[in-house]
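K.L.:
According to Swiss-Prot:
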type	residues	note
ACT_SITE	His11	active site, proton donor/acceptor
BINDING	Thr13, Ser40, Tyr43	substrate binding site
ACT_SITE	His38	active site, proton donor/acceptor
Amino acid sequence: AAHGGPPFEPHATVVGAVAAAAAADVAPYTATTPYMPHVSLLYGDLTDEEK
């Protein structure tokens, strides 16, 4: 309405679409295992038995 367009009530459809798109963008980067804080003193590829 401020720029000559028709007035309309805000609605959740736009918000839902934006939230769904954001969740889809982040999905490939979510961790597959729980985060475990650690200090790396040894660098290399270790087997589970070596760890």
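Cβ from N, Cα, C; glycine included.
Distances, neighbours, how buried they are, the whole picture for these features please.
P.N.:
Reduced to three states, the DSSP call for Tyr43 (substrate binding site) is coil. Listed in sequence order, the same-chain residues six or more apart from Tyr43 (substrate binding site) with CB atoms under 8 A from its CB number zero; the list is none.
Residue environment of His38 (active site, proton donor/acceptor) contains 6 other Cβ atoms, counted within 10 Å of its Cβ in all protein chains. In three-state terms derived from DSSP, His38 (active site, proton donor/acceptor) belongs to neither a helical nor a strand segment and is classed as coil.
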